[in-house]
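Following: one structure in structure tokens, then a few remarks.
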Amino acid sequence: MRGTRAQTNTGRKEGVNLNKQQKQKKETTIDSYYSPNGTEGERSANDKPEIPANWIQAVEELKTQLREAEDNWEKNLKIKISHLETEALELKQENSVLKAKIIQLENEAKEMKDEAKKMKDEIKRMKDNLQRNLDQKEKDDQKAKDEIQSLRTRVKQLESSDLTRQQDTIRQNKKNEKIEENVKHLIHKTDDLENRSRRDNLRIIGLPEDHDKRKSLDIILEEIIQENCPEILEQEGKVEIERIHRSPPVFNPQLTTPRNVIAKFKNNQIKEQVLQAAKKKPFRYHGNMVRITQDLSASTLKDRKAWNMIFRKARELGLQPRIKYPSKLTIFLQGKVWSFNTTEEFQAFINKRPDLNRKFEVQPQNSRESSKGIAPGTSLHIGVTQRLSPP
């Protein structure tokens with residue numbers, strides 16, 4: 001590109017010189033034509049034509065204009081030559097810069113060759129290391145394969161022995177399940193026998209301790225019956241009590257509530273009459289509220305406590321709840337009687353009825369049956385609300 005520009009400038013200079021020579025030649029011809037000393041002026045007077053005065057004046061004006069044009073042309077030519085010289089200087093400077101860049105590139109190329117040689121040597125070294133590593137890895141892989149084969153053999157042996165242990169465990173679990181079923185059955189039987197042994201007992205709750213200091217408990221019980229259901233005494237006469245005592249027998253001064261009183265009747269019919277009367281209305285003794293319930297075993301009472309909040313809520317909703325012996329809840333819903341042995345069964349029942357489930361949002365608490373594990377989503381609280389005698 002720069003070479004092309006230099007050739008163009010050279011061509012321009014040659015064109016300017018050629019035009020200048022042609023103009024000088026042309027000017028010389030005009031001067032010589034009208035000059036008295038020129039070639040044409042040497043002509044004989046007879047051959048020279050007569051020129052009008054206005055023509056001579058026009059020729060002079062034309063010569064003046066030509067001289068002015070020549071001066072302007074020379075001036076412009078000098079300017080262009082100056083520009084061309086400036087461009088040539090710039091081209092020379094650019095050429096120097098290019099030479100410096102070429103030298104720099106040559107140096108960089110040399111450095112790159114050196115680096116390429118170093119990289120080649122490094123690649124060769126890495127290749128050798130890689131080959132050594134591959135050889136070592138093959139040895140390690142073979143060793144690992146041998147170890148894996150040995151482990152597989154050991155695993156098979158362990159699986160075989162583990163299968164035998166699993167079979168033994170399954171048989172033992174079945175035995176344990178059978179034992180647990182037998183234990184549950186025995187516990188149920190024990191609870192049933194204990195409850196039946198207590199079928200003639202009543203539990204009096206809320207009787208102040210200071211009454212024992214003035215009167216015996218059997219007299220107090222007779223006064224309670226006389227005050228709340230005198231018709232029983234009128235029909236049966238004196239109430240015969242086989243045994244009556246506080247439970248627990250030792251007084252604890254740290255307790256804020258009085259101990260319960262347990263009374264065993266000789267006549268079961270009188271006991272039932274008193275219990276039914278206590279269900280119909282609250283009993284009082286000397287202005288104090290007392291509750292009379294069926295005396296049951298501790299485990300049965302604990303199971304019944306699981307229905308406390310449910311029983312109260314069901315009664316508020318008009319579901320007519322009842323606690324059946326030993327600890328079964330029944331409700332009356334949609335014209336049917338529904339029975340539940342555990343709180344989990346009741347929770348599963350109301351989960352299928354969203355409108356009813358929202359009304360039983362109560363907190364969980366342990367009972368004998370539910371303490372072994374409450375199903376996810378179960379939210380139940382337990383307490384005592386209903387008292388029924390065993391059959």
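Here the Cβ of each residue, glycine as well, is placed from N, Cα and C on the backbone.
Automatic, uncurated: that is what TrEMBL annotation is.
The region 'Disordered' annotation in TrEMBL covers 1-51 (among others).
Feature annotation from TrEMBL assigns compositional bias 'Polar residues' to 1-10 (among others).
The compositional bias 'Basic and acidic residues' annotation in TrEMBL covers 40-50.
Among the features that TrEMBL reports, region 'Disordered' is placed at 128-147 (among others).
Feature annotation from TrEMBL assigns region 'Disordered' to 158-177 (among others).
Annotation source TrEMBL lists compositional bias 'Polar residues' at 158-170 (among others).
Annotation source TrEMBL lists domain 'L1 transposable element RRM' at 199-295. Each residue in the domain 'L1 transposable element RRM' (199-295) gets a DSSP state, and the totals come to 36 helix, 28 strand, 33 coil.
Summarising the annotation, TrEMBL assigns domain 'L1 transposable element dsRBD-like' to 298-357. Predicted-model confidence for the domain 'L1 transposable element dsRBD-like' (298-357) is 87, expressed as mean pLDDT.
The region 'Disordered' annotation in TrEMBL covers 363-391 (among others).
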Ask   = Using DSSP, how many residues in the region 'Disordered' (128-147) fall into helix, strand and coil?
value = 20 helix, 0 strand, 0 coil
